[in-house]
Amino acid sequence: MSLEPLPGTLENLLEQTSLKWIFVGGKGGVGKTTTSCSLAIQMSKVRKSVLLISTDPAHNLSDAFGTKFGKEARLIPGFENLSAMEIDPNASIQEMLEQSEQQNPNNPMSGMMQDLAFAIPGIDEALAFAEVMKEVKSMNFDCVIFDTAPTGHTLRFLNFPTVLEKALAKLSGLTSRFGPLINQMSGMLGTNTNQEDIFAKMEGMRGSISEVNKQFKNPDLTTFVCVCISEFLSLYETERMIQELTSYEIDTHNIVVNQLLLDPDTKCPQCIARRKMQQKYLSQIEELYEDFHIVKVPQVPSEVRGTEALTKFSDLLIHPYVKE
């Protein structure tokens with residue numbers, strides 16, 4: 001006997017009051033930003049304060065709401081408890097490096113220390129991620145929703161706490177082995193290197209990053225919403241993403257399938273052909289993910305831009321589509 005399918009809505013996320021971090025991700029062009037903005041609008045109805053944060057360098061939040069956002073959180077016009085910000089992790093790390101150089105412009109050791117620190121793959125992005133998380137945590141939002149970069153970047157982003165923990169462990173070992181040598185060279189060159197400060201700062205991050213890592217792996221606090229369309233490549237990408245999320249021990253139990261042609265009575269030949277293809281892949285999604293909430297969102301007649309259009313669209317995530 002087959003199990004009753006789970007409700008095809010994201011209402012389960014609104015009801016899970018313990019959730020702190022929600023990631024929304026998928027392939028480019030599947031409606032990921034529209035979905036994350038809409039989810040944030042719904043979440044703001046049941047939470048005290050919500051932050052929507054884009055880690056996608058394309059930064060579509062500003063376009064979606066028709067308001068310019070930057071790296072500082074600011075309220076979205078029309079809301080009292082929903083804020084947004086757009087950050088570029090790569091730009092964040094560049095700022096950190098420039099700051100370090102300004103503090104020690106004539107220190108030949110600082111370049112060497114940076115090279116040593118960034119010799120570990122992924123450490124630059126991971127450090128930038130640590131800075132972002134530190135800032136976000138200090139703002140004390142009730143719930144944080146990440147509109148992530150297209151799939152590949154998303155998964156790297158989620159693995160950063162692990163990368164950083166491993167990197168800090170390696171760097172701690174390097175400090176004990178090469179610290180005296182660097183200090184000796186520093187003395188010979190007549191410079192006052194801040195290598196101890198650099199390592200101390202990184203070591204200081206370890207505790208908070210370890211805490212973030214634990215939170216990301218806790219299904220009571222963190223979940224990932226997959227967004228796709230009912231086509232082969234998108235389905236393949238979603239399957240790969242779910243497998244990787246599972247390997248990172250990150251909870252995922254919601255899939256939003258966008259741009260569906262749900263009207264069976266259409267007379268348009270192209271629509272009939274496309275609907276037939278969509279139904280084929282939708283059946284596969286339902287078969288593969290029977291323990292997921294699969295939200296079927298229809299193709300809407302106009303572009304979803306602006307607060308009013310997003311608010312209207314957000315209802316489709318909570319109330320299953322019914323043909324009028």
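Positions of Cβ are set from backbone N, Cα and C atoms, glycine also.
Predicted, not measured: the structure shown is a model, and the values here were computed from it.
Feature annotation from Swiss-Prot assigns active site to ASP56; the stated evidence is sequence analysis. The DSSP secondary structure for ASP56 (active site) is coil.
Here Swiss-Prot flags LYS27, GLY28, GLY29, VAL30, GLY31, LYS32, THR33, THR34, GLU231, ASN258 as ATP binding site, drawing on sequence analysis. Here GLU231 (ATP binding site) comes close to MET277, GLN278, TYR281: these same-chain residues lie at least six apart in sequence, with C-beta atoms under 8 angstroms from its C-beta.
Positions annotated as Zn(2+) binding site by Swiss-Prot, on the basis of sequence analysis: CYS268, CYS271. Look at CYS268 (Zn(2+) binding site): DSSP puts it in coil. Sequence-distant neighbours of CYS268 (Zn(2+) binding site) (same chain, six or more apart, CB under 8 Å from its CB) are absent.
Annotation for THR33 (ATP binding site): same-chain Cβ neighbours under 8 Å, separated by at least 6 residues, are SER54, ASP56, ASN60, LEU61, ALA64, ASP147. Cα spacing between GLY29 (ATP binding site) and CYS271 (Zn(2+) binding site): 19 Å, rounded to the nearest whole number.
The DSSP secondary structure for THR33 (ATP binding site) is helix. Under the three-state DSSP scheme, LYS27 (ATP binding site) falls in the coil class.
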